[in-house]
Amino acid sequence: MSNAKIYPVPAETAKNANITREQYQEMYRRSLDDADNFWAEQADERLHWFKKWDTVNGSDLNKGVIKWFEGGKINAAYNCLDRHLEKRGSQTAIIWEKDDPKADAEHITYRDLHERVSRFANALKARGVKKGDRVCIYLPMIPEAAVAMLACARIGAVHSVVFGGFSPQALQDRVLDSDCHVVVTADESVRGGRNFPLKANADQALQKCPDVNTVFVVKRTGGKVDWQEGRDVWYHEAVKDASADCPAEETDAEDPLFILYTSGSTGKPKGVMHTTGGYLLGASMTHEYVFDYKDGEVYWCTADVGWVTGHTYIVYGPLANGAITLMFEGVPTFPDAGRFWDVVDKHDVAIFYTAPTAIRALMGQGNDFVTRSSRKSLRLLGTVGEPINPEAWEWYNNVVGDKRCPIVDTWWQTETGSILITPLPGATDLKPGSATLPFFGVEPQLVDNDGNLLDGAVAGNLCLARSWPSMMRTVYGDHQRFIETYLSTYKGKYFTGDGARRDEDGYYWITGRVDDVLNVSGHRMGTAEIESALVLHAAVAEAAVVGFPHDVKGQGIYAYVTLMSGKEPTDELKKELNDLIRKEIGAIAKPDFIQWAPGLPKTRSGKIMRRILRKVACNELDSLGDTSTLADPSVVDDLIEDRANR
Ligand code: WTA
């Protein structure tokens, strides 16, 4: 790593940057040495408060208490809408680019968005939603997703967005876990020229959710839907009848803003809970500094609002800053692999933020799809979600960015709320594949497996030594799980679950998860979740899932399945298992390979040795390591033989 290529900050970028190198160094030092004053100033400058806080930082990682700006009164929707009206009421807030490339894009101004949000907020109230109630949002990439989120925020309700690609079962689990009584969905979603039955999925999910009393249905396609009288309400009718006047609730800085489910190494997905003041501060600050955002620029984050990236960098960050945020309904390869760059030209996008998996997929389609567009509006590129391999970085830089656009490789997590390790375009020289340096207030540490602090250029487990404002506060309904998952492995520190290396310049290189979490096309998945789905099948005795390197997806899913005695391994059964996973979780969790395993390698105490399964999946048979502790070492030979015959 020491001889990694370095890309210095371009002179032009440095000259106009929101944060210069000197400012970064000075502010970073202050954010650690004089933290309370630093954060108080930022919160004061960046956000509108109905009432100032009593305490800046009341967090204690040892006790599992995370609190920022306690006593402060604030409203997230007010900050994203109302306070912009005077200066930029008629400026575009959201550009909605539909799936169909020939359709006109919709430009929604701040004034218009404010009105839509207020109306839907009143519609929610009319159905009994009150401060603190949870509302589930199961929508495609349409403006109503942002409207619904902000409408919840406006009245102090807590949104729980569920990715539109999740199955009815996954939706049901989430609705029940957070006890939502209201769901917002659409008749159908549209992606890549095809329609998907979102309402039908929701209907199926809600069969076992008796407490859901209202389902708002956005009419996206006009496709046929079943209707449950009394429960189902057309969104367009509800907002037509609602008043456009809805004062923003004065919520406490520590009142919950949203819950977002994410996968961990054990058990069911966790409801990561974020609160209002600290989250919004992190979102707004990183959006401005990391993307070096300038007034009037069109900014495009290609994530789905179902993931945290969509929450923070399509909705809250950009709107808090009065930015123009582009929302894209479609997919990168429809009608062809040049769609992203066509959209960049169509809307003069200046800042473009996507995932390495998309870059790799498009790279594989050849340069012509890129070079047919001008991309002259582009100024800055970003990546998120997984490590980017230097080859993809170079392609992004050379072909997409024409060697003139710095790339910010941003490391963060659902739990962190906003970007924590990242270059700042005007301050940080880049090294392809490195997320580079910590953002303000972030104190990364590397520790060995025993928790010993590691100094200098070294690899280890990535921890954060202090709390930051946009940090998650708890796992919804299970605070103990929050403490156990994040704050107990290394006492007094937040453990990220990631491994990282630090080089001699202090740059961080994220190497990937060190726990049983997979990162498939930037989507997080627990191996345990996939295993639980597989063993639901009557023919399956046992299953073990591991990741393996995949050229496009980053990681692929490799499942070992042991059948009940007497059951035959057939292609039909493989198909049933794939269907089962689609039903339980969603298509994104479908294994790339299912290998029939007569037995799984276990220790004498019965623990599955995943290390060995990973090696077999990756075909790294020379480095299987010590197999002497296995109860039955011959199992491994069988697996290797079966893999060769696969
Ligand atoms: C991984 C997405 C390397 C990491 C915002 C983390 C990354 C997990 C990067 C969180 C990056 C995210 N370089 N790895 N720039 N960004 N990751 O919760 O393993 O969906 O723990 O949040 O993605 O995924 P999540």
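From the backbone N, Cα and C atoms, a Cβ is placed for every residue, glycine too.
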| Given TrEMBL annotates Gly385, Glu386, Pro387, Asp409, Thr410, Trp411, Trp412, Gln413, Thr414, Arg513, Arg524 as ATP-binding, which of Asp429, Asp498, Asp503, Asp505 belongs to that site as well? | Asp498
| ligand 1 is in the model; which of the binding-site residues Arg194, Thr309, Pro387, Trp412, Arg513 have a C-beta less than 6 angstroms from one of its atoms? | Thr309, Pro387, Trp412, Arg513
| remark: Three-class DSSP assignment, Arg513 (ATP binding site), comes back as strand
| query | For Pro387 (ATP binding site) and Val535 (Mg(2+) binding site), what Cα-Cα distance in Å is obtained after rounding to a whole number? | reply | 31
| remark: CA pair Ser521 (CoA binding site) / His537 (Mg(2+) binding site), Å rounded to integer, equals 26
| note | Cβ atoms other than its own within 10 Å of the Cβ of Arg582 (CoA binding site), all chains, total 16
| note | Cβ proximity for Arg191 (CoA binding site), under 8 A, sequence spacing 6+, ordered by residue number, returns Asp99, Pro140, Glu329, Gly330, Val331, Phe334
